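Asks: There's a structure below that I have some questions on.
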């Protein structure tokens, strides 16, 4: 179980690294830029969470497998695109949804281990899931995608709440983990499939 | 006194959350985006200060009232605007000046409790006051307003210095608190009233 | 030796502060904006490193000389430009390369003192060298220069690796320090002289 969690985490790192490398490529960055953006996308959310929670040492300092995986995923992405293989957008979105699910539950769990209140644990779950992508977008000088696209972070909130609720009800940790990850995954896949989005809040005409 | 401080702090959180929600609305973000920008604007400055000072746990992890207030203020803003009630810009600016005053003094005080030198305490005061707004502007892809508008952070520096100076002179803490908050508030209100601004530093034509 | 290191560090702070002040001037910020951008450029990289490494108190909280030097450098830059003295761009680039070399080696060394793996130590070296400049560019609403210009962070990686490698080989610390700083300096100067850059990764036409 512990091991499955670890490999899921590394899978999430790889997927997020790929999305970072692709965004950097869209901005015509050089190879170093691609690598940095990829690594920040993959590890930024967890690092921010750990700095705020005072949870030291952060994962990639404790265990250099994280940096290795993020780097390999970024280099692999560049090579893959260079060799003109097309990118399977759907596959990438599904993988991204899976990574999001893993990161959200891990973030929530680590926060609960630090005895945070529920609201802070949910924020930590969401932060772990989305902050890397926000950093990627800010560094690429874009308004972060999560604020403008279909349901994304809302899926994290739902998953995080399901996780906390099931634990409160006394459900075994591994069942709570699986069900809450499934919540994030299904919410995100449904959002992609039917282009679900939250209503927007327009102010332009009023202020 | 302690209680007054606490409620002033929460008032500052609410006000900053409202400014974040309004800015997010100007960018036509979805409801989640509005909420996140609002919470970051309200709590970002204090969180950054605590992470740099190693002052753990941060306020909103220790006490979930902060997140509750920030969330309610953001949701309330959306509802208020939706119901087509106009926004009282002047009232908002005055409230913002009050929030700025509270945050600046709290930030300075926490830094002094950590035995920082005066220069670092002033920076912590300013950071607590303005960093949330800077994060809001960066996430909304704007050059931070505080670097381009009339006197804002300069008011924080003045208030922070007054606070430290009065404490050095042996003035009672609550008097120092009130006078330094008044400094920030008056400096800011005067800046708004007479559109005071610092001279700009133009380089465009030279480099 | 210790003293030489300290003064080199302060020299790096001054140089980075100047680059921050000049960039802020290009954006027509007011005097406060210039000061803040300058200080963040000078101290941001080290602060981020210390927050992630849990290396408290951070340098400028422990010793207020850092803030003093950064502030004086920024104010001096404004005065210098106001008095219509031209800016020696080449001199500035060489000084910047020297600052980059100092920061990279200091960052790597502090990480090694915290027993990080090699990969994390290299990242800490690069982060110390370049993160201040990245913050400067993000706050000025630009895509960070290091992702788009000639070899910059790659020089940091090389210097960081040389430093770690020489220490592993049992070379005395001061020799490792000098040789690795020379590596960064020479790589950067060569990049400026012959406009060396890494290949870019274009995706625009494909996705």
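Using the three backbone atoms N, Cα and C, a Cβ is placed for every residue, glycine included.
From a predicted model like this one, the values you see are computed outputs, not experimental measurements.
What TrEMBL records for this protein is below:
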| type | residues | note |
| --- | --- | --- |
| TRANSMEM | C:6-24 | transmembrane segment |
| DOMAIN | C:7-80 | domain 'Glycine transporter' |
| TRANSMEM | C:31-53 | transmembrane segment |
| TRANSMEM | C:65-83 | transmembrane segment |
| TRANSMEM | C:90-112 | transmembrane segment |
| DOMAIN | C:94-166 | domain 'Glycine transporter' |
| TRANSMEM | C:118-139 | transmembrane segment |
| TRANSMEM | C:151-167 | transmembrane segment |
Asks: Would you kindly list the residues that approach the transmembrane segment (C:31-53) from elsewhere in its chain, counting only those six or more residues past its ends and only Cβ-Cβ distances under 8 Å?
Replies: 12-14, 16-21, 23-25, 59-60, 66-67, 69-71, 73-75, 77-78, 103, 106-107, 110-111, 114, 116, 124, 127-133, 135-136, 139-140
Asks: Which residues, given as numbers and ranges, are at least 6 beyond the ends of the transmembrane segment (C:6-24) yet have a Cβ under 8 Å from it?
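Replies: Cβ under 8 Å, 6 or more out: 33-35, 37-43, 59, 65-66, 69-74, 76-78, 81, 87, 92, 95-96, 98-100, 102-103, 106, 132-133, 136-137, 140.
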Asks: Can you name the far-off residues of the same chain, 6+ from the ends of the transmembrane segment (C:118-139), with a Cβ under 8 Å from a Cβ of it?
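Replies: Beyond its ends, the transmembrane segment (C:118-139) has Cβ neighbours at 16, 19-20, 23-24, 37, 40-46, 48-49, 52-53, 100, 103-108, 110-112, 145-146, 152-153, 156-157, 159-161, 163-164, 184.
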Asks: Could you pull out which residues elsewhere in the chain have a CB under 8 Å from any CB of the transmembrane segment (C:65-83), counting only those six or more residues past its ends?
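Replies: Beyond its ends, the transmembrane segment (C:65-83) has Cβ neighbours at 10, 13-18, 20-22, 25, 31, 34-35, 38-39, 42-43, 59.
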Asks: In terms of Cβ proximity under 8 Å, which residues at least six beyond the ends of the transmembrane segment (C:151-167) contact it?
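Replies: Residues 97, 100-101, 104-105, 107-109, 112, 118, 121-122, 125-126, 129-130, 145, 173, 175-177, 179-181, 183-184, 187-188, 191, 196-198 contact the transmembrane segment (C:151-167) from elsewhere in the chain.
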Asks: Count the residues of the domain 'Glycine transporter' (C:94-166) that DSSP assigns to helix (H, G, I), to strand (E, B) and to coil, and report the three numbers in that order.
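Replies: Across the domain 'Glycine transporter' (C:94-166), the residues distribute as 59 helix, 0 strand, 14 coil.
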Asks: What mean pLDDT does the predicted model reach across the domain 'Glycine transporter' (C:7-80)?
Replies: 91
Asks: For the domain 'Glycine transporter' (C:7-80), DSSP counts of helix, strand and coil?
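Replies: Output for the domain 'Glycine transporter' (C:7-80) reads 63 helix, 1 strand, 10 coil.
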